[in-house]
Structure formats: C-alpha cells, structure tokens
Amino acid sequence: MSNTKIQDPVFRRFYSHLNSAVTILQLYDGRIPFAHFVKNYFSQHKKFGSKDRRQISELCYCYFRLGRSYPQLATGQKIVKGYWLSKASWPDEWLAFFDSFHLPKESPDHIFPAVHSFSAGINNDAFTRSHLIQPDLFLRVRPGHKGAVTDKLKTADIPFVLTDDSLRLSNSVRVEDLVRLNQEVVVQDLSSQRVAKLLQLYQTVNKNEMVPLVWDCCAASGGKSILANDILQQMELTVSDIRPTILFNLKKRFQEARVKNYRAFVGDATSANPGRLFDLIIADVPCSGSGTWARTPEQLLYFEPGSIDAFVKLQSSITANIIQYLKPGGYLLYITCSVFEKENEGQVNLLQNKGLQLVEQLVLKGYKQKADTMFAALMKAPM
Ligand SMILES: C[S@@+](CC[C@H](N)C(=O)[O-])C[C@H]1O[C@@H](n2cnc3c(N)ncnc32)[C@H](O)[C@@H]1O
C-alpha cells in the first residue's frame, strides 16, 4: 500500500475504511452471501457508523468486481483499482491519489469466470465490464399507483427515472420509508419486470375464456406471482416452493399486495403433484444466478463452475415433472436469471424434444442499463 502522507481528512478516512475492508476480506471465505457476512461483522463491531459501514462494504464489493484480474496485487491495491474503475470519472485530486498506489494501467482481464457459453446475443465484453459498476435499484409501480408514488418521491426530493411502470432509483434510497412496499410498488429488477411481455403474450394467445388456473412452482416470496396477478387481473393461483420459510414471507407479501385468491403448499417441483391441471405454469427455476452477479459480485470469485451441471439437471427434473400438470394446449413460462446457454436455450431444446412448442423466448439483456440479465421462454403443450 502507498506510503504517501495525505493529510486531507477525506483521504485519511478513505485509508481507514480501506484497512477495515482488507481485514473483512481476509476473514471472508465465500461460504455465505457477502451481504450477510458483512452485516454479521458490523453487528459484532459496533464502532462503525452507518456511513462507515456503507463505504467499507462498497470497497469490499469493488474488490470482488474485478474477479480474478490482477492476481499480483495486494488486497488493498486491488480494492483501490476496483474503486477507481467503479466510476466513469474522478476529480483530479482523486486521480493523483490513485496514482500513489502504483496500480497497473491495463484493463481487468478476468472479471467473469469463463465457464460456459452465453445465451444468444449477449455481448461478452459489455456484459463482463458491466460487473465493475453496481446496478441500480428498480421498482415496479403496481396498477393504479403511478401518480401517488411519483408524488411521494418528488415530495421527498428523490431523483428517479420513470419508464412505463418501471422506476429507476439510486441504490442508497430507502424506499420502504417513502412508499408502501408490495401494495404500491414491488422491488423488482428491470429484466424481471420485462417478463411481463410474455405474460401479456400468454393473454393474447390463450383462447380459453375461463379464469386461468396458474401454478407458480418455484414461487419464493412471490415476485412473479404478483406480476402475473397485475397483468392477468383474474386467475386462480397455486404457489409452491421447496422452502417453507420463503412461503411464510410470500404469505405476508401477498397480504400487503392484496393477492387473495390462492393456495400454497411446500413442495419439491421435481416430484410434487399439485392435484390438478393448469392453463399456465410459471417455473422461475433455481439457477446459477449468473445474470445477477453484478449485485453479488463475490460470486465472480467464489462460484463453483461444477455446480452449473447440477443446476441444469435440477432444471430438467423440475420441467419433466411439472409439464405433466399442463392442460392440453396449456402454457409453460420458463424463467432463469442465468446468462448460460445450457440453463436457457438448452432447457428450451429439451422441452421441444418432449413435444412442447416454443411460442417466444427472450434474452433479457440488462447489462447496458445497470440491471440484471435474464432469460424467459413461453412454451405451449400439445393439444
Ligand atoms: C429464482 S427463485 C424464484 C424467484 C421468484 N419466482 C420471484 O420472482 O420472486 C427459485 C426458487 O426455487 C426454489 N427451489 C429450489 N429448488 C426447488 C425445487 N426442487 N422445488 C421447488 N422449488 C425449488 C428456491 O427455494 C427459490 O425460492
């Protein structure tokens, strides 16, 4: 680390945060999400105020964002390089400060683990570099709440960008203090919101006049179910997940979101029998999450490449089971937050081999918009 004596309190504080970040990174082994780890660390080390906590965490994330680039650098130097690259421009005094660390001029060359080919149309270079910057926070405004929500943000003087029903905000905004979460808005990444396109398509191609029976078989806390509720307006919903605790969160969230007409059960989608047939099954399957690693950049260092094949196997076991519960001519909405072709088009191919017809698939590229990258496919069962 540089010996430069910098008296400016801004840089002295930076050094102090840098030293704390180095200590934390030396303790972290990737076994739990870094967000949980750092939260536990701060709850055991009460001397850090909230601003310090935020800055120290950001420095740790800057380190992860470089992935396996610059193996020759000490941890502190790598943090500073990541911090430098995390913003497009810096004032001159900061550039002089960074210079004092004798950092390499070359661009990072091992940000993303090259473990498998990407889905069609993903630009390798742009996607990889997008990990250097923290994505934005996105909210989906629920039907009928646009005016009230934007008024609240304006009154609180919070900068935002509204595009259709999607709000983009800085990550530092505490939205829960400003608007009613789940009732007025849902915290949902931009690409996740774009899955709406396939739900709207389902509405136009589905010729059944009855209220559709819908099963969200990997529901988690219900983000896609609430989206389906807002688009389809009327549906008879079944939700399930393998984790009982997440269904507890779902029930609380559904109460806030005023989603009432549903039944829930704990079930392993590789073998669960929901006891009826459905017009639409939503399978937002467990996956590598590789389209969201700009939000969890520790994965760039700690992700186990071997686990992709385990995810692929799990995904095909889930789809093999659930398609048995599609009505003749019913629809499957298959979703991942992965960029790997194996988890995306590869699974669609398997389903086509089982007789399903592809209606439309979308590679939801978020990397140019400070958002996640996802994949969604709408498929139709034979009549
Ligand atoms: C990507 S998340 C779903 C996110 C959710 N649809 C949303 O929009 O908020 C995948 C979910 O699948 C669940 N899961 C993993 N393996 C499963 C299995 N074998 N059967 C059912 N659910 C499973 C996980 O517990 C997790 O909640």
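Backbone N, Cα and C define each Cβ position, glycine as well.
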Let me know which member of Asp268, Asp309 TrEMBL also records as binding S-adenosyl-L-methionine at the site of Asp241, Asp284.
Asp268
Taking just the CA atoms, what is the gap between Asp241 (S-adenosyl-L-methionine binding site) and Cys337 (active site, nucleophile) in Å?
17
Cα-to-Cα gap, Asp268 (S-adenosyl-L-methionine binding site) vs Cys337 (active site, nucleophile), nearest whole Å:
20
If one measures from the C-alpha of Cys337 (active site, nucleophile) to the C-alpha of Asp284 (S-adenosyl-L-methionine binding site), what distance in angstrom results, rounded to a whole number?
8
Across all the protein chains here, work out how many other Cβ atoms are within 10 Å of the Cβ of Cys337 (active site, nucleophile).
25
What average pLDDT does the predicted model assign to the domain 'SAM-dependent MTase RsmB/NOP-type' (184-383)?
97
Taking only same-chain residues 6+ apart in sequence, whose CB is under 8 Å from that of Asp284 (S-adenosyl-L-methionine binding site), what do you get?
Asp216, Cys218, Ala219, Ala220, Gly223, Lys224, Ile335, Thr336
